[in-house]
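Colleague: Structure provided below as structure tokens; questions to follow.
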Amino acid sequence: MIPAMDLHLLRSPPGVRFFRRHPSPAPLRRRFVTVSSILPFAKEKAKYHIELEAAVELVERACSLCIDVQRSLLSDGRILEKNDQTPVTVADFGVQALVSLGVSLGKLFPSIPLVAEEDSGFLQSQNLVDLVVSAVSDKTSFHEESFSHADVLEAIDRGERTEFGTKPATYWILDPIDGTRGFVKGSKALYVVGLSLVVEGEIMLGVMGCPNWVVDTSHWSITGVQGYKNNSPGLGIIMVAHVGCGTWTKRLRHMLDSSFKPSSDWTRCFVDGCSLVRKANFCIPDSQAWESLPLSFFYDATTNDNDDIGDKEIRLLPFCCGSLCKYLMVASGGASVFILEVKPERVTKAWDHAAGMICVHEAGGKVTDWKGSELDLAADQVKRRIIYPAGGVLVTNGKIHQQIVEMISSSSTVVRH
């Protein structure tokens, strides 16, 4: 059974207005059956434990949807491109509808709005509504009625139609698939489903599911990511964080193989202990070259996988797509630094960072812009969709954070002169 909501959930979030593009669907029966999620910490320590349990359940369902859709669409070649040239598939829309239905129409948290990437206009223009409805229905309770087109379209647009005011607000942030370019490559790159909850400007919890992560229980490693098969029971992790409770991972529940019995054991995650910049393992965006970043003034980059790294070199980890994958790497200790440059012509979206930010923070790391200031999720007062990090985003294990900020600053000074 779905647990009763806390009283604080019954209050409408301040400064929020909803805009409907479709007629309101008829009242829905509760279609999501929550499987009891055992959190890695005592519930009394987590104010938002009900929301976290729901988020874990929805992200696990979303990851299962992604695996299903990836198998079918890649075989049929149904891969699309949005107007911004980002590859998109039925999975993006399916995940957004699934999560939106779970937290709103599913009666869990009807007063909490959702900020998310997709809208139904593109979906309808490509005549893909039937495929999305089918994908979503497959991940809901089998004994309930199917979702209608109106239900799914309304759920997708819930992530786009909310407008906020200047007052602090409570809302979910969803990235349906972070690393879609990796998703469409099949088994050759990582991707993440990310969901977080913001309360009055602070991220309270975050959940990231990575269906194709190769699990190594002795050491969080990316070894062997290339060339795996999605149906291996050793694949996939889910990472959760709640403010004040740490960051934890366990194997993603494998819903496609009834013979696989997932472990309920959680592993506490911590950032690595590297205290020297030149000894750090770095991640950078797939679209950016090391030479374009300010630290290239001090170090060359190498992808050598051995210990033969020169004093003027750093090791670069080229392994996955999307920002949240790289946050996951830093939070789990697999990388020391993720550095992202924000060019003036580029827009930085909140959903590419929110879930990863709290996972890194709770694992002992730090996230700021290049000047060392915290990222402001409320800077976009109307939609809460865009953030404006000065120079770029810097994610580290915390121990070398200030040193890198100073190096970025000194590099900029040298360039100006």
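A Cβ is built for glycine as well, from the same backbone N, Cα and C atoms used for every other residue.
TrEMBL does not curate its annotations; it predicts them automatically.
Copying in the features that TrEMBL gives for the protein in this structure:
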- GLU117, ASP175, ILE177, ASP178, ASP352: Mg(2+) binding site (BINDING)
Colleague: Does ASP178 (Mg(2+) binding site) have same-chain partners at least 6 apart in sequence with Cβ under 8 Å from its own Cβ, and which are they?
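Modeller: Spatial neighbours, sequence-distant, of ASP178 (Mg(2+) binding site): TYR191, VAL192, VAL193, GLY194, GLY322, SER323, LEU324, CYS325, TRP351, ASP352.
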Colleague: Looking only at GLU117, ASP175, ASP352, the binding-site residues on record, which one has the least crowded Cβ, with the fewest other Cβ atoms within 10 Å?
Modeller: ASP352
Colleague: Compute the mean position of the Cβ atoms of GLU117, ASP175, ILE177, ASP178, ASP352, which form the recorded Mg(2+) site, and then list in sequence order the other residues of that chain whose Cβ is within 8 Å of it.
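Modeller: Close Cβ neighbours, site residues excluded: LEU174, PRO176, GLY179, THR180, VAL192, GLY194, GLY322, LEU324, LYS349, TRP351.
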